[in-house]
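> Mind having a look at this structure? Questions to follow.
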Amino acid sequence: GFFQSYAVEVDVKDASNATCLYAKWMMRFLITYETNSSDYKNTTLDLSSSVTHNGSVCGSDTQAALLAVQFGEGHSWSVNFTKNNETYQGDFVTFTYNTNDTAVFPDAKRKGPITIVVKDTMHPVQLNNVFVCHSTDFLEAENVTQIFWNVTVQAFVQNGTIGKKESRCRADTPTSAPTVLPTTANVTAASTTTLSPAPTTAPKPVENPDTGNYSLKSGNKTCLLATVGLQLNVSQDKPILININPKTTSADGTCGNTTATLKLNDGNSTLIAF
């Protein structure tokens, strides 16, 4: 079939009406969902011609920048950027799709919004540089493949002026083949042949997870404290138990006036956000 795609351009302004976060890109989502007859269907979700960017945030030395867009019948996508000394990079990508959109999810068994959170694979970029990637990139999580191409983004823009120096992704080389518009066929092939991680044998977890102490600071003040032991029960081909090890887990996140986010990363691609 023919899929209509639109380029998204977001120019976030600060209080002085100067650009602080800029992005222009194209994206598409390949989603597998269960129907009322208990079989599974693949569907493609594209951006509509009308996209809003409510909730986008400039960011600062102590607060992550947030690029957020909303489109279609209750779908949304966002990525937050963190700054570290002289660089910035993407942190987490959050995608919410709404199966109440019957045009995209006919006969869906599960109704309502479903949220997927995945670690961004973007490498650190020098401040004042623009990140550019024309090649197609993929992010996979659960039953969703996110596809991006023709990406231009700069977070923490200085003095309201977009940088002139580009930081290109590794896939953008002089010998790279021209960008091929993703379709259900080539996305499925790419995800099964190049992106599936090699099978690993996880060590058998202890019965009870160790208790960890995690905290966040806002400036010089601690704004969030959590003492918790965490065990994940992941149902894939067979149930897998994963204990979160406090000794190898780092805490990140943000505190606001009405919301706080705690993100835990065990360094082994296990990411949890509260």
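In case you wondered, yes, glycine gets a Cβ from its N, Cα and C as well.
Keep in mind it's a predicted model, so treat the numbers as computed, not measured.
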> Using the record from TrEMBL, pick out the residue from C58, C169 that is joined to C133 by a disulfide.
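Recorded disulfide partner of C133 in TrEMBL: C169.
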> So, by DSSP, how many helix, strand and coil residues make up the domain 'Lysosome-associated membrane glycoprotein 2-like luminal' (209-272)?
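Each residue of the domain 'Lysosome-associated membrane glycoprotein 2-like luminal' (209-272) counted once, the result is 3 helix, 41 strand, 20 coil.
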> Between the disulfide-bonded residues C133, C169, where is the Cβ count within 10 Å the lowest?
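Selected from the disulfide-bonded residues C133, C169 on minimum Cβ neighbours within 10 Å: C169.
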